[in-house]
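Heads up, the thing below is written out as structure tokens.
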Amino acid sequence: IAESSVPGSRFPLEGATDADIGTNAQLSYTLSPSEHFRIEEENSNSRSKSLFLVLAKPLDRETIPVHRLVLTASDGGRPSLTGTMELVISVLDANDNAPQFNQSVYNAHLPEDAIQGTVVARINATDLDEGSNRDVKYEIDTVVSGASGALLVSSRLDREELCGKSAPCALRLEVLLERPLRVFHVELEVTDINDNAPVFPAARKNLSIAESSVPGSRFPLEGATDADIGTNAQLSYTLSPSEHFRIEEENSNSRSKSLFLVLAKPLDRETIPVHRLVLTASDGGRPSLTGTMELVISVLDANDNAPQFNQSVYNAHLPEDAIQGTVVARINATDLDEGSNRDVKYE
């Protein structure tokens, strides 16, 4: 009997026969106690009755898949004689149960570099029906394997493109189940991988520092940025070896650091007019990624060099009749400074 049969449905049965005659052959029927079924008799003609099994209450195959009843026929004799027949009623499944997931929300963590076809999570739904009615098909924007319930990556993910600097980066997906249509939710967190190197605002930075600057002087620099988050975006800085400069970092707030180029030793423009250094930013990923910026430091001249004559004593011979304006000797002094600081005035 179909599970979808409605109460009042009647199913014809073949009744019993009795070899006696008269009252001794008049039969009545009873059914073993059942809340789901009852027996009805109907006179079809003067000599025979039609017998029906009547559904009294909706069936539920998932609760009782098979009903076993005893139908008893009693004759009209004294004493009455009886005969029995077992009724084995198999309930035919109707698609009256929706698939049920084994949990209401699935949480998964997915590295953003997961390749296409990576299994993100295994989701499972079961159906209490049987046969084709219990076959579950999964759909989620074509990224769930319809048969296995495996949630798969269908294309490249980029956490920075999806969420920028926001953390956590959560995707909320809807899983559709067919027959009947049901919607369930999957919450997916895309975890950051260290796929972005630190980037400086420019590949080269030109600085001009006065030669007269004292050791300890600090010159602010703009640091690098990293599109990743967390440890993968925590930056540290190193400077190529230099006896004149070092790098210092200073926490300006909980999220950023101030970066300074610090003078470690007095400058001498006349010895080294330009310093070329490489500033490297390294992130906290494993393995660490780096970015670099060239620092070109021009030393601005200070008037720290006195003019020097090209000889300490000049000897000259002058005739006593030399007239006014006669050139006695040519003296020469030079200055290692530059610009106006190297202009020499003789007095």
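Counting begins at 1 with the first residue displayed.
Even glycines carry a Cβ here, placed using N, Cα and C.
Going by TrEMBL, these are the annotated features:
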DOMAIN    1-101  domain 'Cadherin'
DOMAIN    102-200  domain 'Cadherin'
DOMAIN    201-309  domain 'Cadherin'
DOMAIN    310-347  domain 'Cadherin'
* Residue counts (helix, strand, coil, in that order) that DSSP gives for the domain 'Cadherin' (310-347) -> 4 helix, 2 strand, 32 coil
* To do: Using DSSP, break the domain 'Cadherin' (201-309) down into helix, strand and coil residues and give each count.
  => 4 helix, 52 strand, 53 coil
* Structure fact -> Mean per-residue pLDDT in the domain 'Cadherin' (1-101) works out to 90
